[in-house]
């Protein structure tokens, strides 16, 4: 402030050294009007020089200078001083005043703006992604969790409004990469899994999901309707000091969710700002025990346990088989299967029997259930649970790789695995891998399972496939680090084998059934939609609605993959949306026992193979034919030659005659002789060759 | 899997008879409800890998498809042959026994857990018991709310129990549902 007024006053009051000040002042006033900040700088500098010059040159008039300078600080004084000097008119005075006021205003604004700019810069500095050097430093130190968490939050914020909050020069990819690294560090995921999750969810939702994975899901139990009713069980348990609630319908969530289902993710993001959805999400997240549930059958049997004074897994009621501890998500595939009484049902991967016993309860112990389990150690829990819950309509069987050898009795194990291999894709080089071999055995056996239980002889099949378990991270933390792309692919391959076996078992003409339910506790697309899509192509099946009125529809397209449009009938469940384990359910109806998908594709493959073969053959044949054409003539000639030669050999007695003959022939059949020499005798003399060549040329 | 021979049948029936008495006729002859057939037939006993299974004929018929080494269980397992060659009823038979039981004992709520940990039933634990129990009879143990908890062999007759001191044993423990947790692997 001060320097400006000083200048103006000086302009007026001390014209003693105009040569020094005048031009500068002009320039400053001009620049002040045009671009304030440089003017300030300039003046500041100028003031210094001025004060120096004042000290030296204006030393003779210190009083006025002092006086003026003093007045500079205060506007009134300045005006007094100006009026006191009396050299200018009142108009002039007012003008100066107004100019001074204007300038001051401009200056204030300017300061404010500068300050604001400074603040903005500082803020944007906070969002800035760490540089490589900083990351390098960070890597040396132990991880600072609070800092990581802050950075994750900021990156998520920046990504959710990227246009406004991005830092210049860094792309979205930079942000996402940094986010991935931070999440890996903070939550302990491996890079593959985080990469896969980032591909599936927008960042805000991703964070919700990951947070949900950190918390345990509520404990659920299912009433065994073979032995008791839910009401009675609840009373008994409440008397034992268990705090529980029926697993009930939550109409609000359902309504909200059906909206979400209808419009998909984008819509959800948009409405999440409206009050309704915010309410919905806050209730969702606050009340961790509430579950978005359920259709009729589940509401009749499900109970949620909040807390308990007794171990809920060791009450007399539990031992007596009145209930089964079971996560809410494992109700879903059985509800989708909706088994009827007197049906033939197969549970292809049954242990530990939660779903099998639920099926039996729905069937009221009628009909027959084939409960298969591959892993021998898990059979014990399966049979124990079946007996504990009083299920008597079940045949438990265990097939594993060894059996597959017996089922194909004339095939040695090695050949058998190769046989299985021929049905699979790109496995030949991985046969040495023991895990793979096991899988192959498993697959080989399972494709035998229809033969054991009957092809086209089953009403419903539940395939709760073995999977990577990426939906149940809250139960098993090791999934965070243990899974890789290979594991997912192995699982997916196994699942494809299993689902085809499942479909082959089902009777398409079943009066009441003809359904296959496929479920996994994984949220990977490769293990879910891709498997169903594969089945749709390979067998005459179609997707039908699961009968679950909530859950997200499955992906019909995912990144570069495009699935059958009916895949929206499948259902996905997420911990952060439905408060149950990550889960996938699909229900297929078998239309006919033909394998339309197989024949075209297989034959097509075969055709392709054969055509390529034919082409190769043609090419080879052509070459050979060409070769033959040329060689045939040669051959004939040779034949002639050979036929004559043995005669020569045989007639060893008459050497002279033979020699003469030979000479004669030499003269007659010179080219053939040359060929023979070329073919058999490579060490003939160079001179001879050259002469032969010459002769040959002359002949040609 | 095969039907029981005569010796095995008599051993199994003898054991069952101790618990169900004349109801054994019902156990064998009652129509079954398991199986997809319209008429699933009656129940029958089958021996498979030392275990005796009690299952609907319809189920048995279908289980014949399954290869012997890979068949684990069918219907209800009611008992097993020990290495010594004697037949024991196991806890899985409880449902069957409880349905047809002739002799019953009801426990007081506070002593349920003691029995479920494998202890014998003492006089002080008994709430009430059925008449006409003779020593050596099979007794099914219930909780006060009629939940079957296990079974055992009566140590004293009903009459003698009345006079028994509180720490006297009424029922010798054979099996209880706690085994599902305690010894799942051995079942």
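Cβ atoms are placed via backbone N, Cα and C, with glycine included.
These come from TrEMBL:
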ACT_SITE  A:521  active site, nucleophile
BINDING   A:349, A:350, A:351, A:352, A:353, A:354, A:355, A:373, A:400, A:464  S-adenosyl-L-methionine binding site
COILED    A:106-165  coiled coil
COMPBIAS  A:1-15  compositional bias 'Basic residues'
DOMAIN    A:209-591  domain 'SAM-dependent MTase RsmB/NOP-type'
Other than its own, how many Cβ atoms are within 10 Å of the Cβ belonging to residue A:351 (S-adenosyl-L-methionine binding site)?
24
Within its own chain, what residues at least 6 apart in sequence put their Cβ under 8 Å from the Cβ of residue A:349 (S-adenosyl-L-methionine binding site), listed in sequence order?
A:372, A:373, A:374, A:463, A:464, A:465, A:466, A:498
How many Å separate the Cα atoms of residue A:353 (S-adenosyl-L-methionine binding site) and residue A:521 (active site, nucleophile)?
15
Provide the three-state secondary structure of residue A:355 (S-adenosyl-L-methionine binding site) computed with DSSP.
helix
Between residue A:355 (S-adenosyl-L-methionine binding site) and the residue listed as 'active site, nucleophile', how many Å separate their Cα atoms?
13
Roughly how many angstrom lie between the C-alpha atoms of residue A:351 (S-adenosyl-L-methionine binding site) and the residue listed as 'active site, nucleophile'?
14
Under 8 Å between C-beta atoms and at least six apart in sequence, can you list the same-chain neighbours of residue A:521 (active site, nucleophile), or say none if there are none?
A:329, A:467, A:469, A:471, A:472, A:581, A:582, A:583, A:584
Which entry in the list of binding-site residues, A:353, A:355, has its Cβ near the fewest other Cβ atoms, using 10 Å as the limit?
A:355
When the pLDDT values for the coiled coil (A:106-165) are averaged, what is the result?
79
